[in-house]
């Protein structure tokens, strides 16, 4: 535990220096400003709304506008920071520094538990160095607290705990989803891990998986129902996959009100070449983004070799 605390202090120091260096350079177009004004709206009692006039607000007659494209928890955390007197957007970077310290410490603790202190140090170094967490290009986003919650899910599900551990993991997973909606992609893997049998027993633990799924659904479904009722549907104005296509340049698809816009299948059938080009371009873009993490991935591979060797 003492070494984990040392890793936490080191990570907090590194993340604090990062935050202090990044705050003056927050770009005018950064999403942090959007999160900040959404947090201000919540702190004022205006709900999860926005005063920014985005094209997706076509059809709304006046402000404040309902937020249609973000998950609410990060803005809620920002509202709590405002209530505590912490200014935004700087407060988001301070929050990220604390989450980063906890993430690195928890990574060390888990690596040391499953293998050795040396392996835990490799894993902690991997987390500390990851540029996807301390990202100067777009600092202060919600990926760090989301990663912390997701790590907690993995630890709880990979442990030997029963239904209470699965329920706690589901709470953490729901928190990650309310921060980053794409964490839903982990759900099938988490359910599989929750149901996996213990080494000493051959039968899958279906009740454990059911408990995880039930708690997760109980926490997440109400938000889906709320936005369905409050906004008249789940979809934002326009179809995101139409953005920056030859048929709908830029954000033109989001600026159309009352016009017929093709769905996914219709667009693919009518414009297969454009769809293929867009798909390949996006894959290349994601690959370039991920290349920034090759160093930490190398550290992670080294850790895996230590843990499995």
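Backbone N, Cα and C define each Cβ position, glycine as well.
Your range for transmembrane segment, going by TrEMBL and the list 35-63, 151-179, is 151-179. Transmembrane segment is the annotation TrEMBL gives to one range among 68-85, 122-139, and that range is 122-139.
Only residues 6 or more beyond the boundaries of the signal peptide (1-21), in the same chain, are considered here, and those with a CB under 8 A from a CB of the stretch are 90, 93-94, 96-98, 100-109, 112, 117, 120-121, 124, 127-128, 134, 136, 139-140. Comparing 92-110, 122-139, 209-227 for CB pairs under 8 angstroms to the transmembrane segment (151-179), the maximum falls on 209-227.
Outside the transmembrane segment (92-110), and at least 6 residues removed from its termini, the chain residues within Cβ reach (under 8 Å) are 1, 3-5, 7-12, 14-16, 18-19, 22-23, 32, 35-36, 74, 77-78, 81, 86, 120-121, 123-124, 126-128, 133-134, 139-141, 144-145, 147-148, 151-152, 155.
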